[in-house]
Amino acid sequence: LIHFFKILFHRVPLGPQRCLTNAFAVFCSHIYKKNHDVTKTWRGKTEQLLRVDDHDFTMRPAFGGPAIPVGVDVQVESLDSISEVDMDFTMTLYLRHYWRDERLSFPSTTNKSMTFDGRLVKKIWVPDVFFVHSKRSFIHDTTTDNIMLRVFPDGHVLYSMRITVTAMCNMDFSRFPLDSQTCSLELESYAYTDEDLMLYWKNGNESLKTDEKISLSQFLIQKFHTTSRLAFYSSTGWYNRLYINFTLRRHIFFFLLQTYFPATLMVMLSWVSFWIDRRAVPARVSLGITTVLTMSTIITGVNASMPRVSYIKAVDIYLWVSFVFVFLSVLEYAAVNYLTTVQERKERKLRERFPCTCGISHSKTMMLDGNYSESDANSLAGYTRNQMVPEEEKQEKMVVHLAMSNESNSSRKRGLRGHVGLRIIQNTHAIDKYSRLIFPGTYIFFNLVYWSVFS
């Protein structure tokens, strides 16, 4: 057949030769299309195959008709960071759109798709999906723009992008650091209302997939799930909005080591002053001031890494109660020191007013607490009450002369300890004794209530 056309081509004039050449080209092209797939042998421009120049892609598919359905699915690659100070999170994901545009259909006998990069995206219509409440977002461009466009012969389109987005997350820190946070990434069409574009999850809850290796240092990812609803804007109308929801539970062990244990140790350290001699003023004062300043440093460090919220957090309750315990231990010693000074002043005045004239050798004067009755004092063997003490001084103090003989001194001391016991106050004030029990007991009770409520 080709040989016949060559002979015919040489025997006809020049004008008819052009006509025969064109007819021959059309005839051969028709035979070639029947036996081959154009997607495999097409050497022209892609725009000519998809007829991009023949249509106006500034308008959505089926313009003027019903809303075009656009399916969406997401694969979360990583959850990069959670910021409590800025109240946001950063996520890297693969965002894919699915829709049909008959203007992009092309002939193919094998029904195979054609894949393109981001250069063709600028010449066709694509959904204008954006992230609601996003602060920053970008499409990765190493080594080229991470965009993929896949067109099927019937006009179905797959549009995929790799995006990193930083979005707002409204966090509630009332139970911090024993809290759980739920954050959402919201997707919505910017220009097309629900009458023009119907945005939906392509496979329901299966439309969201995550990498099993996703992990965070401070949080445990409990659950990912999807939802959708309509969003209304008073000036533009109703829009379809898709939600990617995930729940995070905070790891408590870090805060136990960095906050709770140091605060508890500082409170326990403040109790050491109850066992120090009340006359050791420098030791007790320096210990109290050190614990107070350390607690202030811990509170400042915790608040520096948190947003300035106007409500009380769980960690604030624990730290400030611990601070109050430390501060009360300082006030306790202030009270002990003051009462000790008052007591010594009264004893000194009493000794100056009533000096010892008993004439007994090796005698000492011992002050008894005013809680002892006269009968208790008279019952002590070998003790005689000084008759020079007036009646108005009986309730406050009693002066007892203790004869220090070589034989009876030790036995009389044992009898005194056994009968009177701890009721005789020597070097330790009664407030210190009570504080040794009240402070630890109250703090233990507070811890039981705190951890039962917030854990």
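Cβ atoms are placed via backbone N, Cα and C, with glycine included.
Positions annotated as domain 'Neurotransmitter-gated ion-channel ligand-binding' by TrEMBL: 52-251. Annotation comment: TrEMBL describes 252-273, 285-305, 317-339, 437-454 as transmembrane segment. Look at TrEMBL and you will find 259-401 tagged as domain 'Neurotransmitter-gated ion-channel transmembrane'.
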Segment confidence, the domain 'Neurotransmitter-gated ion-channel ligand-binding' (52-251), expressed as mean pLDDT: 92
Chain residues in Cβ proximity to the transmembrane segment (285-305) (below 8 Å; excluding those fewer than six residues from its ends, i.e. six or more beyond): 84-85, 259, 262-263, 266-267, 269-270, 272-273, 276, 315, 319-320, 322-323, 326-327, 329-330, 333
Residues from the same chain, set at least six apart from the ends of the transmembrane segment (317-339), whose C-beta lies under 8 A from its own: 259-260, 263-264, 266-267, 270-271, 273-274, 278, 281, 284-285, 288-289, 291-292, 295-296, 298-299, 302, 429, 431-432, 435, 439, 442-443, 446, 450
Sequence-remote partners of the transmembrane segment (252-273) [C-beta within less than 8 Å, at least six residues beyond its ends]: 177-178, 218, 283-284, 287-288, 291, 294-295, 298, 302, 315, 318-319, 322, 325-326, 329-330, 332-333, 435-436, 439-440, 443, 447
